[in-house]
Amino acid sequence: MVVGVLALQGSFNEHIAALKRLGVKGVEVRKPQQLQNVSSLIIPGGESTTMAKLAELHNLFPALREFVQLGKPVWGTCAGLIFLANKATGQKTGGQELIGGLDCTVHRNFFGSQIQSFETELPIPQIVAKEGGPPSFRAVFIRAPAILDVGPDVEVLADIPLSAVETISSNHAIQKEEESTESEKKVIVAVKQGNLLATAFHPELTADTRWHSYFLKMVPEIGEGTSAIVSAPTADQSFPERSVIDFPIYQ
Ligand SMILES: NC(=O)CC[C@H](N)C(=O)O
């Protein structure tokens, strides 16, 4: 059983390493024909405009869209979420090509620029129900997008109150908060729609493999009953103490 990881740019090695910790082989996908050798796909974080250009160059978009439409499990993290969204705002002039399929509108760089990247504890009740472990997940947001609206078939797995985001006042998030009359304005940061999973943050950059385990359970050959997948961190396997400034810079 192998899981494909789109390896055009970004944190594909980190996803492959997380899969390995769960005893699953991740293979790099760069060409359309390589999608025929995998039954599921992870689209990593990185820079979605660069990834889109490389995907165009390799003529990957038709094969990626077919993969999604055939109902094969696909998980997009951060830039990967942007790739999967039906609609993206905050794009560069001229826009960028998307795979689509995920019925939502995503706003690129919602929380601000690279220096406004942050980490936060995110409650994840649906993931805990399946995977166990602590009630929240240490989520790493790097120039992250946020989901502004979702269609009726989309299940929201995590959202974040904007008050939890201690960033620079000029950024979009804080402006939106000021405009809001509600005291606890939230944006969506993780969703599931059928075969599609998407997170605005980077589970592959933590020691907690519950999101990978959750995704693997969406893969038919692995499925719900796989006991080989042990995911929740134990006390002595806690999150590495590092700051977002240690993470790679995605332009
Ligand atoms: N960490 C990330 O994947 C950042 C995504 C990036 N801001 C983009 O638009 O593509």
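Backbone N, Cα and C define each Cβ position, glycine as well.
Per TrEMBL, the candidate among R108, R210 that belongs to the L-glutamine site alongside G46, E47, S48, I142, R143 is R108. Spatially close to S48 (L-glutamine binding site) yet at least six residues away along the chain are A79, I82, F83, A88, Q96, R108, judged by Cβ distances under 8 angstroms. Farthest C-alpha pair in the L-glutamine-binding residues G46, E47, S48, R108, I142, R143: 13 Å apart.
Taking Cβ-Cβ distances under 8 Å and a sequence gap of 6 or more within the same chain, the neighbours of C78 (active site, nucleophile) are P44, G45, G46, I142, A144, P145, T199, A200, F201, H202.
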